Amino acid sequence: MKVRKNSQSGKVSERNSRRQLENEQLVKKPDFLKAATLGQIFIVCTQQLGGLEDGKITKLQFRKFLMTEQICFVFNLMGLGLSVMQYDLEFEEENEDISNCLLWIIFISTLVLLVLTVLRYQQHMNWLKSRKQISQNDRIWQTEQWYPMLIELIIYCVVPYPFTIGMRVYFYNSFQDATAYYHVNEILALFMITRTVFIFRTILAQTFWYSNRTQRVCNLYACEGNYMFVAKSLMRTSPYTSQFIALVSLICIFGYGVRICENPLARNDPANNNLGRYANALWNIIITITTVGYGDFYTRTDLGRFVIFVVCILGIFVISVMVVTLINSLVISTLESHAITVLERIQLRQNLISSASWVVFYSLKIYVALKKGNLSKVQLKILLIKLRKNLNDFKISRRKYRNKQDVGNMNEEITNQFSLLKSDFSEVIEKQKGLLQQNQDIMNKLGVEAKPYISSPQL
């Protein structure tokens, strides 16, 4: 019996000790609550989550990413420039050796560009890993990066090839009532224009708004520091410059596209091929993108009409953004509104003084003339009409001046009330700070652990 009692008492004591340990763990506060400042709390939390990112490593990875982006930009721009030169040679069907040589250079540069694009996305992932945005074991196909990379690789593959030189695609043109043809490389050169999207992407990446520091600030405010953020930032800081560059770029790019689409008609009738000249194609894009459309130049092929359709959609967007930017630039700020109000009151006061002086002038003139007795009835009537008119002007000016003065006084009163409320809130906050400090001192004297005091932001 004694053995059983001892065993039961041992089990009870073990249970009591376990419960006591569990209660202590529940009551025990986390480590970050022991910190005295917000900075210490932030450091403790980040250490529990895996540590802070190393600034030097992220800067190095970002510079590598930018370098890869710039190399891709060079090869992309070189391919576009060579395709423009090769298009004119193949269209004229002259200097086939030079044209073929340019095609091989474009083909080789495209292969290099494909490899560089994969390296670019890999370097971008390394940068994200250094910033602890993704896991260290993630691969491209395990993240969301594989889909835009695949689209970019497909777009880069659309280039004029040396294997398709001399191949033609015939079509019937109802305007000429004849059959025309494209070279396959001409169609490929047309769709190669989509590469310009990645050129603008590289330009955006070189700005201040796309940097390692920008990404850190965006993370603090829970927003994405992507290329759309860069475009929004540029539209806010330099709206007219950004829109002018975008408008000129669209005109030049789509003008070249219209020229490619309409140039085959020159093989049948060079005299009626208006849009085969680059200047006419630019003018056509200008009057289309600004939604004017004179009709002096218009496309006659299906591909040309497709390009103009895209230009119409972009034109609506560009003009709308320009109108919104103009309206926002004309919005009056608070300080400008106060200045305008004061100037209006000064102007109304000058008008009031002027009308009052004319009332006094005509009153004295009538009084002097009546006293001398050399005033006829007609002259008296004319003077009375002028006096009555100036008196009405004086009443209207006085009413406007009083209304404007009341509005200005009301705005000033509202501003003063807000200032008083701000000062009252500041006093209340200071009193609360004092009470909290006193409570903390009392708790410390009593030996009770008090929560750390965090100061409130200033108004």
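Cβ from N, Cα, C; glycine included.
TrEMBL annotations: computationally assigned, not manually curated.
These figures come from a predicted structure and were not determined experimentally.
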Which of these ranges is annotated transmembrane segment in TrEMBL: 212-233, 278-299?
278-299
According to TrEMBL, which listed range is transmembrane segment: 65-82, 353-370?
65-82
To the transmembrane segment (146-167), which of 102-121, 187-210, 240-258, 278-299, 306-332 is linked by the most Cβ pairs under 8 Å?
102-121
Name the range, of those listed as 65-82, 102-121, 187-210, 306-332, that has the largest tally of Cβ pairs under 8 Å with the transmembrane segment (278-299).
306-332
What residues elsewhere in the chain lie close to the transmembrane segment (240-258), defined as a C-beta under 8 angstroms and at least 6 residues from its ends?
84, 190, 193, 196, 200, 231, 234, 275, 278, 281-282, 284-286, 289, 299, 304, 307-308, 310-311, 314, 318, 321-322, 325
Hey, which bits of the same chain come close to the transmembrane segment (102-121), Cβ under 8 Å, at least six residues off its ends?
65, 68-69, 71-72, 75-76, 78-79, 82-83, 85-86, 89, 140, 145, 149, 152-153, 156-157, 159-162, 165, 185
